[in-house]
Amino acid sequence: MLKTLVQLFLVVAGFAPGFGYDKYTTHIQNGNPYNLTVDMTPFIKINESYYVFGQTKVNWYVAYENCRRLQSELVTFETAEEFDAIAAFLNARGDRSEHWTSGNDLGKTGTHYWFSNAQLVTIKRWAPKQPDNAGGREHCIHLGYIYGYSTEFQLNDRPCHNHASSLFKYICEAPKQETVSIVVWK
């Protein structure tokens, strides 16, 4: 998509008076291969991704909206390593709060997907006997120390809306960085 937009811009700009180029090429690389300084405030880099840890306790929908305002998404744990890195970061800060993720089964009860990328939730970090859709109303996934005896962060399903026991902090994940190079021959 980004490459198409850049190419479209160059084509349109090529018709502007005094801005005609004979030849150009674009190249898009994942990440920041030249370690350019990029201000990612308020995001925090953990491994190769950037996150914001929302401090207000809100329902899942408000958490999603807050992340979108930052042009990011609720966190999606694509690997167990990513989950473990976030859990380690929170533990290092002494933060045992519960946090919303993008996971839910709003589309089909019992089948949990990451809302951000439409992939099945496959990581094995559920709390014991979870997800359970207690009362037929738990559809959004959060992470936290789920039970009083829990010794680590785990996943659990909770009601998405303003249920008194379902107002949590949230974690936003920035989109993956891409570096766009444009070479123009005049």
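Including glycine, each Cβ sits where the backbone N, Cα and C put it.
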In Swiss-Prot, CYS160 sits in a disulfide bond; tell me which of CYS67, CYS140 is on the other end. CYS140
Alpha-carbon spacing, CYS160 (disulfide bond) to ASN47 (N-linked glycosylation site), which is rounded to whole Å: 29
In whole Å, note down how far the CA of ASN47 (N-linked glycosylation site) lies from the CA of CYS140 (disulfide bond). 26
Around ASN47 (N-linked glycosylation site), which residues of its chain at least 6 apart sit with Cβ under 8 Å of its Cβ? GLU81, GLU82, ALA85
Counting across all protein chains present, how many other Cβ atoms fall within 10 Å of the Cβ of CYS140 (disulfide bond)? 27
Predicted model, mean pLDDT over the domain 'C-type lectin' (46-169): 97
